[in-house]
Each structure stands twice: as structure tokens, then as C-alpha cells.
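What follows is a set of notes on a single structure, which appears directly below.
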Ligand SMILES: [Zn+2]
């Protein structure tokens, strides 16, 4: 009896000392694509990756740019090479999104698709990964701006808490992916708003630098205080005082930074950028 018991203990000891295979080691892995073989469920992204440094509030610049200072700042609006080919934006979800989260994201995609010639296309096995937007749900709402061949990853990060509540917030980030920067950074913005530099938190001034008119075009679309790409009046304020003030006294300051819905002018800018036949 005793030898059998000892043999049993030895067996337990061997089993316990065997290396346990890590099942949930996503934290350690880079982002990768998994395509289920069931022929039913779509491919998804898993794992984690740092996409880059965040520059203009919610705009992700690549790590490469921070390291070698490449020409990321050229604005997508004027540079055809920074547009998505034929207006098609392939994307893949991170596996952590719920069906409800995806429904909200897809509702925002539908609004853009209905009003422009842009098409969002879910990644399928065998598609090129070169131009693919990884939709992730890390902290914060942010995105890479425009398409870029040399970019390691294109990213649309939408945390369900704080990013998926209003369609304007989701669309704001999607319009970055399509190539738009912020409305208050237009080259002609000084005719429409005053930047209150003294109220801006130290280190955040770069969020208010305007684009050069050599690199940035407005596509002759009027300045849009209601744009989903505009910042709120007290963005990055160190003292609660406005950092952006409309010069037109009739403009309601609370309209700045609205994220309730995308405006026609925002969508029309996409139509002109991508030379869509559709116009609003
Ligand atoms: Zn933004």
C-alpha cells in the first residue's frame, strides 16, 4: 500500500513540476491576426502593441517618426499618397470588442459610407496586411492620421468607456484615419478663433499649432465651429479658462467640440479629398 502511495505522490510531483503552458500570454505578445478555421467567424487581432507616441491630443504618431524624425507632419489632406486606395479602408477588430461595441462602431462606419464614397471592409484571410487598420480598445480615443505605406500599423483605438457613447466621437477618430486633422488647426483658423496660449497647460501647446497652407488645404470648405474635428473651448486648459475662443461673438462657445454628430461639412471635406462623385 505504502509503495503505491509513494508512487502516487511521485506522479503528482512530476505533474506539478511540469512547465505549465501559458494560455493567456497576450500581454507579452505583439499584435497578431488570428483567422478561425470555422469559416463562420471573422479574423480578429489579438495580443498587444504600443502603436506610437500621441502627439496632437488623440493623434498617434509612429515610434519611427519620434526616432528618426521622418516627414509624418505632411498633411494627408494635400498628399494623395496619404489617402486610402480607392477610398477602401480595410480593418480588423481586436478580439476584446463585444457585439454591442462593434454595432456602435459599424453604425458610425455606415454614416460615413452613406454620405461619401468611403468603404470600410473587414479583413479576410489572405488579404494584404500592409494597409490594415487595427481597431483596438486600449485606454483613450485615438487614431493614426491618413494612410501611410511605411507605417508599421494603422490604428483606431476606441475604448468602450468614453469613446463609444457618441457617434461623433467614433467618427472623429475615423476621420483622422481617413486623413483629416483638427478643424482648429486649419491654416486660416486665425480668422475664426483666437488661441489663448496663456491658458494652455504646459507641454500641450503643440495641440494648437496650425497647419501650414503649403501642406494643408481646407478644400474651400468654410470654417466649421460645429465640426466633429474641432476641439472644445477649454481643451488642455490649465485654469478652466478657454484655450480656443471664437472671434465671431454670435457663436455659442458650447458648440465647440460637439461630438453628438458629424456635420455635413465634415463629410463634404472627405468627399472632396477622395474626389467622390457624391456631394452633400
Ligand atoms: Zn482628434
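Just so you know, glycine gets a Cβ as well, placed from its N, Cα and C.
The signal peptide annotation in TrEMBL covers 1-17.
What TrEMBL records for 75-277 is domain 'Peptidase M12A'. Each residue in the domain 'Peptidase M12A' (75-277) has a pLDDT score, and their mean in this model is 93.
Feature annotation from TrEMBL assigns disulfide bond to 141-163. Under the three-state DSSP scheme, residue 163 (disulfide bond) falls in the helix class. Residue 163 (disulfide bond) is surrounded by 24 other CB atoms, counting those within 10 A of its CB over all protein chains shown.
Residues annotated as Zn(2+) binding site in TrEMBL: 172, 176, 182. DSSP assigns residue 182 (Zn(2+) binding site) to coil, not to a helix or a strand.
As annotated by TrEMBL, active site applies to 173. Taking the Cβ of residue 173 (active site) as centre and 10 Å as the limit, one finds 23 other Cβ atoms among all the protein chains shown. DSSP assigns residue 173 (active site) to a helix in the three-state reduction.
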(request) List the same-chain residues at least 6 positions away in sequence whose Cβ sits under 8 Å from the Cβ of residue 176 (Zn(2+) binding site), in sequence order, or say none. (result) 58, 59, 142, 143, 144, 145, 146
(message) Of the recorded positions 172, 173, 182, which one has its Cα closest to the Cα of residue 141 (disulfide bond)?
(response) 173
(message) Sequence gap of 6 or more, Cβ distance under 8 Å: name the residues on the same chain that satisfy this around residue 172 (Zn(2+) binding site), in order along the sequence.
(response) 58, 141, 228, 229, 259
